[in-house]
């Protein structure tokens, strides 16, 4: 609960900062940062946002601006008081806003930003996490915020960052509407009161803000007045308080006298020095997107990108274009160098593309302007055709916006293709945003082909470099009809998988897909450049064969037919069928899935979903096929034992052990890992020559049962010793 202190009639309430905010402020105050200047960028950016909000509200209700028509930002240094003041005529804050926004409710980015800072991130990232206001404490020992919202009285917020802040009704000079932030600067930060320094920082970070930023400075100038006026002013000056700085200082700096012989004898004049307030607009640059791209330097694009996004790094690529004809709009699109920390967070406020109508800012969170998978693109769209007072509901129905969106997507894909020609930069882009491209393939059927050309993967022949599907196709053998791929958790895991043995041995290249989103991507990407994509982990893998190989395969099928039937009987519903494999070389067996079922990797991903649909799990997971390698000695010996006695318990035990091991090596998980472990331990004992009966006699009280229950529930113990 806030403490209340009464000063006469004035009520001051004291609140404690929310714990994470207090921690952040402590970090800002007690750590040395070299680029403290970013505080000014953050405060100007906040002022600009407040102005955007009131202007947007005024589009539907012009009376909102009755409390002040002019939308502007003023910067007022006061060296005598050691204060730097920023005033905006934005929407202002109510008392509740003031308490919530400046201290008692932590933004989602507070903790994330502190973690980033402690991991070595730059302080200038603060704006991206939504806590830019607190950067004021980089230079200020005390901050006072005076604010007036149309729906509330004028209030003052004050804090010296000691873990608490105060809020009171403010009866000082009325500000009409908006917010005034007064920074009481630290003794060593007075450089931010100098004209040169303020101009430098505003030019560097905020020259493209869409509202006039005016610097108010007290300056001196010489003024020429007649001798009589000078005497009068001098007399007045002496009568008044010497410290009054509003009146001009009078200095005799020379006089002009005319010759007495002149016809019109002029009065004597004197020059005096007077103090005045100079107003200078610091951001007269017109919106960069309205200019000709040929006249804009890369540095200007970089500065605009930083002021637009609060990023501390330059952009990776830029696309500046205009569309004319039936529809007219201009756009400026940027690709950042890195993905933001909350790129795929559902609840995050989207502010990637700012929508303007005829240079008037409308909104910065327009979902209809760009598809979800391009949510990392930053920039500006300025339409000539949309109405100024357009609402969100109207935007959803707007045909104009649909055409703009289509053009933006087209230009983004052009930009990606241009970037792909620069291998180094494309590698950075792909590391940051490959998931977005794959999400696009899943969601955007219209542009699926163009997006697929941008994909890059490691393959069995690409070494450390990634390769495109186009390059893969160019290397395909004459007899090869399909693009072979495998999905899994890591490059090492899939490269050593049993599934790729035969394919690689035959000299065919295999694409390694190791991100969870690849599973969704290939479900939609059925083919590329006329070549179908075939998973080497699914049934029906057809490799080009000559007549001799076909004949050998038919012989193997006939030879192992009885073993396949027996294994199917033993495993029953665990597998759909047991067949001879054409994909194995050194492994005895593997588990493949049906053509339309999930792969082992997809099953793992789906099991990890907290909100999964169990009804889907049932029919998508069920179809497993066991493939055995007819050339492997284990399988051949098992065939001989089965033919000698198909009721041999050891055969049953071995079949299940082979199946469970194949499940693991194929990427699946076991339903009952304990029973499998016990079987393995028993084999280890046999291998070491340990007699189970002796062990059981020595440990009569052991909690573990003396014998592992046989596989089929038979009461007789399994005779695995015979196999050993």
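Here, residue 1 is simply the first one shown, and the rest follow in order.
Using N, Cα and C of the backbone, Cβ positions are placed for all residues, glycine too.
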715-719, 720-724 - the range that Swiss-Prot marks as motif 'TPR repeat-binding': 720-724
CB contacts for residue 305 (phosphotyrosine) [other CB atoms within 10 A, all chains]: 23
Three-class DSSP secondary structure - residue 133 (ATP binding site): helix
Among 219, 435, 481, which are recorded as modified residues, the nearest neighbour of residue 107 (ATP binding site) by Cα: 435
Residue from 133, 301, 305, 435, 590 whose C-alpha is spatially nearest that of residue 484 (phosphotyrosine), among the recorded positions: 590
